[in-house]
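A quick write-up on the structure given underneath.
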Amino acid sequence: MSGDLRAAVREASRRLAAAGVGSADVDAVALAAHALASTPAEVQRLMVLGAPEPEGLDELVEERARRVPLQHLTGRAGFRRLELSVGPGVFVPRPETEVVAGLAIRACEGFDAPVVVDLCTGSGAIALSVKDEVPAARVHAVELSGLAVAWASRNRDDLGLDVDLREGDATSAFPELEEAVDVVVSNPPYIPVGAVPLDPEVRDHDPELALYGGSDDGLAIPLAVAARAATLLRDGGVLVMEHADVQGESLPAALRATGCWADVHDEHDLTGRPRATVAVRAPRLAP
Ligand SMILES: C[S@@+](CC[C@H](N)C(=O)[O-])C[C@H]1O[C@@H](n2cnc3c(N)ncnc32)[C@H](O)[C@@H]1O
């Protein structure tokens, strides 16, 4: 690498682009910010001032060029208003899931103290954002992977957000909350089995448990999670579930076919792709 910061960032961006990193310019600045224990805005300022290249930037760029996720190198992932700690063993929260969390937050409107459950919480991104943006909500979250639970509980403690976090299976979680929940939100694993992601960051670094939906169409686990949501929600409660862009018709259709859901519709993410199904718990028939 060359001696000054501006040249080092330019060279980093070139190397990352050559390695197939789509966001090479942004990542180069983010890695420089991490090496300087500073912010991207400060890096831009220091580049204008002709500051020297920080120690460690070369090694960070080398790792990123080997397609280690940016967030694993910085240890941080921004999600809505929060900065989360992430690393090996936990799914890195995605921008499209910020929209899904927003739908859950919108579903809380009109309640004084909604009971909210996040099934498959990973780093805790959705559950913690709901608690951050709807402070009166009583938020519960469950996650199967012990490693992911450790990241989520670190995030909860660092952020000081009061979320009931448990290790366990989403398909049988929270027996004490059956028919008592106002909003269930979930970003479950939904990639069709056999559809191995092309991006090395996802394929080689996100946990398998976080990716694959357990069937050829990827919907086995989402539908098992939705069945649990149907048990947890009170009549009229709302389910918000993320899905793959190719599941924008199949997931709503599968939910309608169960007879448990009313007002089933699909929502798009900020790139205009089908991303989340929203459904209302249909009234249970009198015994
Ligand atoms: C796609 S990731 C989403 C994580 C987080 N909600 C987010 O949006 O960033 C799916 C998560 O579901 C967890 N998971 C998979 N099967 C589960 C199950 N049966 N019960 C609970 N969690 C499960 C995985 O370990 C992973 O953390």
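Positions of Cβ are set from backbone N, Cα and C atoms, glycine also.
Database features (TrEMBL):
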type	residues	note
DOMAIN	8-75	domain 'Release factor glutamine methyltransferase N-terminal'
DOMAIN	115-190	domain 'Methyltransferase small'
BINDING	E143, N187	S-adenosyl-L-methionine binding site
BINDING	N187, P188, P189, Y190	substrate binding site
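Rounded to a whole number, the distance between the Cα atoms of E143 (S-adenosyl-L-methionine binding site) and P188 (substrate binding site) is 10 Å. In the three-state DSSP classification, P189 (substrate binding site) falls within coil.
Cβ neighbours of E143 (S-adenosyl-L-methionine binding site) (same chain, under 8 Å, six or more residues apart in sequence): C120, T121, G122, V149, A152, L165, R166, E167, G168, A170.
Listed in sequence order, the residues C120, S186, A210, G213, I221, P222, V225, E242, H243 complete the 8 Å Cβ shell around the substrate site centroid, once N187, P188, P189, Y190 themselves are left out. For P188 (substrate binding site), the Cβ neighbour count at a 10 Å cut-off comes to 23, with all displayed protein chains included.
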